[in-house]
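> Mind looking over this structure? Questions follow.
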């Protein structure tokens, strides 16, 4: 149960919980949402690299190189790198006086 809805008090030398409205639908919904949030947070921290890489690049994975000779693969890599290098020339350095 949620710490916000329960009060723990010592009862007969043991810790017990006095909450009469634990069957309230709002309390149940809040507990479920809290548990789901905790699970998602833990998964996010464990797999954040995979998750954010997926969202950044999506399902795009470049063309398949299966059955392509290594020389053609290298040529394709060079073309792609040259295209990236050419894009760098579009940036203009502005100096303020």
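Cβ from N, Cα, C; glycine included.
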> Which stretch does Swiss-Prot mark as transmembrane segment, out of 2-22, 23-43?
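In Swiss-Prot, residues 23-43 carry the label transmembrane segment.
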> Where residue 41 (site 'Seems to be involved in pH gating') and residue 50 (S-palmitoyl cysteine) are concerned, what is their Cα separation in Å, rounded?
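So the Cα of residue 50 (S-palmitoyl cysteine) lies 14 Å away from that of residue 41 (site 'Seems to be involved in pH gating').
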> Have a look around residue 41 (site 'Seems to be involved in pH gating') and count the other CB atoms within 10 A of its CB, chains all included.
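If we count other Cβ atoms within 10 Å of residue 41 (site 'Seems to be involved in pH gating'), we arrive at 10.
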> Please give me the CB contact count at 10 A for residue 50 (S-palmitoyl cysteine), counting all chains in the structure.
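There are 9 of them.
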